[in-house]
């Protein structure tokens, strides 16, 4: 029969004739055949399968072999012995090499025919050994795919136990050697299919024997982290990622990032190659592993690797966006890389030139997924342009290309940027001493306490929370001539507070420049005194620059634009555009300084002689109002014997700080205070004072007589008179200082008034038009724009009485002011304690916690909300607590109730922001500065951007160095942390875990002002 078959396949008969005869030969297999004939047929058919001249001969060999092996299984079992199989695997078949895929296909087919025979067990054993040897020889993808198919059908051939681990490791390394030289789509598809079969085999082994998984993944990392220049691992390794259980991400990444044996060069190489895997078309979850490794490296402060890899691979990742099959995963990785690379615009600017082309392509490629993809991509671009504003030459074309597409709001952008920064990554991959503090969840930056500098920190954060003032400062164009000015240093400090990646910034340079000469470094100081000095310095500095600029001769054309920019333009820029002008002044010729426009108001003092009714008037500027407590409500805390302090009158600011109420002379209607210690009790029968009550008391008329009698020029003698004050020009930001520290002349100490004061979120300030002139009126020339004190302000003032029946002032109009920030003082006296501040998280949009506010008017009446809209402030997160280095979310309720919870913590300095009664927006909302609207944060100038970029890089290097140092100690050291509770658990002003830095808790003797 074998002779007939051999002659037939080599004859010249037609194929149909040959097929008919072959059919007869196959049917003859059912009949009795001798063992010799079977062996001859098996030998012939094997030769046809391996060495057949064409596909027909190979097909005939398979058909006949299968037929006779099925009916004569015992004979086939003798033929297909373990020695025969071993010979095929080690030597091949004749001229056919042992690595030819046909050998594996033949063995695979024969195993199907012998599956029920006992001898197949010996063959399985042989194959287990030989298959491991074959994999170690790094076969091509085609042979590996055939092996994978055979092993998937006959799992008995897969090596077991320790050999299984070695087999998986070697198979992984073999995949790393795969290469696809093909360029045609059909060949590429075939290659991908081959790789998929091999990776599926590994997946099945990992499931059957989980012990093999981790060594396999270690082998993967060893391959991709190799720094051997002669070895470039195949991208086919990406096919394994989709088979790794996602729950192992945390364990594996932690193992890799905390392993001190993994060199930075190896980690960099591994990360780069994982990013290259994004090009593999059918791999799933590659982007998840890439991002997990990026976050893990950020968590252990290995920023050098992140910077190098981002700059090296960002363009490659961007280019993957052009290919629909891989663009989704590529966008996820691109978004993370760009959003986390916040210390410099360098990475984003590498891809900027390609954005417009990609946007145009996505608009017109017609794919159903392109529209949604474009929206996500546009959102990413908006976030990056917001983070690195100030490059209109780079962004103009991009804005034009995406102008019709919706963009995210400012709040969403800030949230995304805050959550994505390297310094805000979760440190779950690090433990113990490896954990370093990152930026708080607020995304805001704290200020490091330099040693009893909490008074400065609280004031800086308060000014920074004044949105319009901050935006104007950041938008100033200050040239080299102003490099050493205080305003330039404030601009730089505000820049770092806005854009640094540090959790807390050290304001040492600004502290040295802004510290009043009489303030001793390291000593406790008064924050209100510092605020007044700071604003005065900034004001006088700008006035000096204006004078110098006005005295300069006209710049000749030959000097060029640069000279003009450094001269007159700088002075104009320093003024920005005027915010809402003060009543009676035209905006066009407004020469006021920025401090005057933001914080400056005018106060008119009128004295009426009660004999001749002549009125003397004097108008003065002010930047803050110092509010004394009503005598009937103040008490002397901690005083248990002796006379109480004298009642206090109003003070518009003392030379030594303005926070101390002056000693008062005899009053026509003396008020006797209790000699015992009296504190405000929330449950007491008398309602607490409110801020409008103190403003009313400040503005209330007072009687001048006896020792304080008024010298009337018309009468020519001392006369009983009435003095009243009225606000005639309202500031944009109203600063109110509560005079909580009174001087006890008997004990020669300053005591603190602990009375609680209700802080309304919105109040109305009475503002009068300039009063009518009288025959005997007098007006003194204005003094320094920031000097509030009149000559009489330092003298003893008469006790304020009820308003007079005779009025000389026209009716007031009430301007609404919304609470912006509060500085709190924690402690018992001005010589001890701690300052911290609350700031409104105000971004120009209504908050989520909006409520119907109660509007308190300084006339004493209470009105519901009318024509002015107040933004939210009741919900948690609408307010921020700035406590030196710590910044946390809080709520208006916490601000208003802190004194109830902690009686020593009292409001000291408050800032209210004027609201526009027509549109519900701030009156400065439409003002422009340097050609841009101030409704959003101004773009950073190049000089400021460079300074932030340099410091951010330095910070990342510091963090990485610290992490490495701590990692060396982590093995032998343990560290426990006391969790920080909410601000309701401890007084925010304490120096404990939830308070500011600087040392000293409640048990500290003589606790200083930190």
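Positions of Cβ are set from backbone N, Cα and C atoms, glycine also.
Segment annotation: TrEMBL labels region 'Disordered' over residues 633-684 (candidates 425-476, 477-528, 633-684). Which of 278-316, 317-355, 356-394, 551-589 counts as region 'Disordered' depends on TrEMBL, and there it is 551-589. Your range for region 'Disordered', going by TrEMBL and the list 728-763, 764-799, 800-835, 836-871, is 764-799. Looking at the stretches 949-973, 974-998, the one that TrEMBL records under the feature region 'Disordered' is 974-998. Note on the domain 'USP' (445-915): mean pLDDT across this stretch is 70.
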